[in-house]
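Have a look at the structure below, then the notes.
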């Protein structure tokens, strides 16, 4: 099936296995009669309460995620910057672009790429939109607003002095629940909200790039996007993990239907489409073009790589380029450090106490009936 990525053989990770940890803990006499899972949680809990961040924890993440490490070394706010760079390498997204919009922009890595890549092509304008506050970026105008509101679209056009954008990108995603059908549906709704505002701010012939979750309804999304664009491709950057179902819809040649009037008050997906759509097969069903981007010699996002050390020197940890501003989990982290956050108690964490034998039975034996 063309709509699925070709799996690759996973390479062995350079990390300590669980059995190795258990062996070391037994030698130190730390296990005793306690379950290992409970011990690990308690050790990590005390570490969080003390506000500690071990060097092993820092360097191990740098080993596991090479794009996370490269993002810090190159000054990108997040590893997702490489996804947009690889998409541009494949599709030349920034060619001739002077005005670009980044929807769901926080923490700002895609806005960074846009501001740097289109800066040398004349007067450039980049507008970043997000509900959350974002640290300032040079050459980027920030709008803290809702992409489902008409006022946000008008403010974008106002920053462009009445002109429309050449490129609209969206790397937003909802908080995943682990229920794939629910996550796919929520992501589809976010994509259609981004498409809806893009119809207000994108010029004819413009380009639209947005994250999607590949699933059973990807053909429906493809059909909806094809209504507005002459070319639609689904692409998987090499910096995107194989284990992730994310991909990116690359839509080029914005050409809305004749008589179409953008309206943010009416969602594009209203469930009024033919209920037999998913029953189509054979030549009547659309096969979504799916391509991968990124050179095969690039780093594999699912593999671990050794740290770059020269002359036996110690590895120097690089902190993130820009920490989040007022993240929604900040209050929870503060309570955890103070020991005031309620800890979840699961049944497997509870010790089973011995139940004392009752001195008398709960139900007394029925008395023998007297004979006649």
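Keep in mind that glycine also has a Cβ here, set from the backbone N, Cα and C atoms.
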Notebook entry, point to check: Given that TrEMBL lists 108, 110, 130, 146 as binding S-adenosyl-L-methionine, which residue among 88, 171, 175 does it place in the same site?
Noted result: 171
Next item on the list: Please tell me which one of the binding-site residues listed here (108, 130, 146, 171) sits closest to residue 211 (active site, proton acceptor), measuring Cα to Cα?
Entry: 171
Margin query: With every protein chain in view, what's the tally of Cβ atoms within 10 Å of the Cβ of residue 171 (S-adenosyl-L-methionine binding site), excluding that atom itself?
Written below: 23
Item checked: Predicted model, mean pLDDT over the domain 'Ribosomal RNA methyltransferase FtsJ' (76-254) -> 91
